[in-house]
Amino acid sequence: MKLRDRVVVGFCLSLVLVTVLFVVDMQNESARRLSAADGDAAAAAASHYHGRSDRSRDADEAQSAWNLAASYVVSTLMPSVKPRPTRPGAPQPYSRRADGRPLPEVVDLYAGDRFADLTERLSRSSETQRRRGYVIDWTAVRDVIVDDTDEDGTTSNEYVVEYLEDGLRLNTTALTIFHSRISKREMYPKNDTYVPLILKNMSVSPILSVAQKEGGTQLKLVIEYLNGDKALMKPMRFTREQQTLPNHFYFTDYERHNAEIAAFHLDRILGFRRAMPVSGRLVNITSELMAQVTASDLLKTFFVSPDKNVCFHGQCSYYCDTSHAICGNPDMLEGSFAAYLPSQDILERKTWRHPWRRSYHKRRKAKWETDPNYCELVRNVPAYNSGRRMLDIMDLSVFDFLMGNMDRHHYETFTLFGNDSFPIHLDHGRAFGKAFHDEMSILAPIIQCCHIRKSTLETLLRFHNVKKLSEHMRESMAEDPLSPILWEPHLTAIDRRVGLVLQKVRECLSVSTMSGEDTADETRVRTATNATFDTDTGDLGQEVKYTARSRDVTQN
């Protein structure tokens, strides 16, 4: 064979060899990517932050580098565009379980029911205005829909600043001004301009000191800022889709940082405005928390896990040990930051035992769970026998039911306004734990007493028939630094539960109509004896004896 022929044959063989090697390399690269994707999916199913492989950690770091480069390019080439900052491991809306299985389906029985009968009932001016104004004696009220506004349709109000002798302090902050605007009816007025400012400050202001809050069953941190304001931090324990464990009682359930954030937005959207502002924040455990801790008892609980994540567990009654430690990624951690209430020296508060408090016992039941006429006992004791407190408790039961909160044992009021002060909506860490179960017992106050505030009913009907409550929640929570806040099934559950509340009101109206209790000249015979009330704790006293028709509305 001539030299020229040998060169041509050799060149052709080289091309064939290079082509074969290229194809094999492409196949190996495809297999490697599929393996990495499977590994990352398995790691995500096991835990949001922990148990990650080196490959998934590298992928997170590569993604972070890409996001940083992309944001730099956008900010340089398109300065008018301000993209939302991203972070490693940011939660996303979920449509399936973490392990890939489809979500259980819960039928919304009242999705197509517009509750025209309730709308028509509200239009009866003679009925809704009959009890308008201050309720003198709740034992005589049997209206299901109660309008407690004044004769002109407004609600009288008084503000804290009217009672402050020295006025505002010289070193006034947005939070102290917010405190001065607390009123007898609400924590802050509608469209308050200081709420967004407080939320912003809590999410970005430098942290001066960190301490563990005394008391409580689970770990909470007291955060103090450079301007002297304080916030209560609840750290993230697990992902958004983690539900209450099946064998956990309501009093041993984990607290969720995102539940506190969502509860604030829900309270504001419902028009109650009885909760302090709460914002999410992504903090560095090493530089923002551990570096600012001064107490040695808390400082010694910080450690580095085998996966090189910074962790701590603090000291408390539940879940404060190494096996239940709170860990970062590797040292970044989500948390909810709730603005502090005014100090007791400035605005004193009183703690009340919730009349529909659960037993907090593994076997015992509370009295309201066994006595369908329990509401008659509540009607006869202060502060529920007159004023607005009874309707506020009804509002609170609606609020708790919509977010599935069974952990309502006490509540606080401002002593400055006496019994007309609203119940402060606090401590919602155990809410949003069961997206596929509706705990009807939370509605016991409405089911047993058959009362609801007219404005609350109008709000629920509007969310059911016009724009869904879940849509309002998505829009409101989208501005939080940790958005998305809620797992999608929880938002679906909120809309479903609105219909369940409206159905219970319908049942109450049906019972009231059949028994003739909606007539204006109705009289009831009742004898109340030995009724006592502990004004320090809010405990109901001895049982009230009465003769009255039973309002035994099913709780199924």
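These residue numbers are counts, starting from 1, taken along the chain as shown.
Note: Cβ is positioned from N, Cα and C throughout, glycine not excepted.
The region 'Disordered' annotation in TrEMBL covers 79-100. Among the features that TrEMBL reports, ATP binding site is placed at Gln218, Lys234, Glu255, Ala338, Ala339, Tyr340, Leu341, Glu412, Asp427. Annotation comment: TrEMBL describes Glu255, Asp427 as Mn(2+) binding site. Taken from TrEMBL, the feature domain 'FAM20 C-terminal' covers 302-512. Here TrEMBL flags Asp407 as active site.
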- Rounded to a whole number of Å, the separation of the Cα atoms of Ala339 (ATP binding site) and Asp407 (active site) comes to 21
- Gln218, Leu341, Asp427 filtered to the binding-site residues whose C-alpha is within 10 Å of Asp407 (active site): Asp427
- Query: Residues with Cβ closer than 8 Å to the Cβ of Gln218 (ATP binding site), same chain and 6+ apart in sequence?
  - Reply: Tyr254, Glu255, Cys316, Ser317, Tyr318, Tyr319, Cys320, Gly429
- Mind telling me which of the binding-site residues Ala339, Leu341 has the densest Cβ neighbourhood, counting other Cβ atoms within 10 Å? Ala339
- Note on the structure: Looking only at the domain 'FAM20 C-terminal' (302-512), mean pLDDT returns 95
- Message: So the record assigns Gln218, Lys234, Glu255, Ala338, Ala339, Tyr340, Leu341, Glu412, Asp427 to ATP. If I measure every Cα pair among those residues, what is the longest distance in angstrom, as a whole number?
- Response: 20
- Query: If you count Cβ atoms within 10 Å of the Cβ of Glu255 (ATP binding site), leaving out that atom itself, what do you get?
  - Reply: 24
- Task: Fewest other Cβ atoms within 10 Å: which of the recorded positions Asp407, Asp427 wins that one? Let me know.
- Result: Asp407
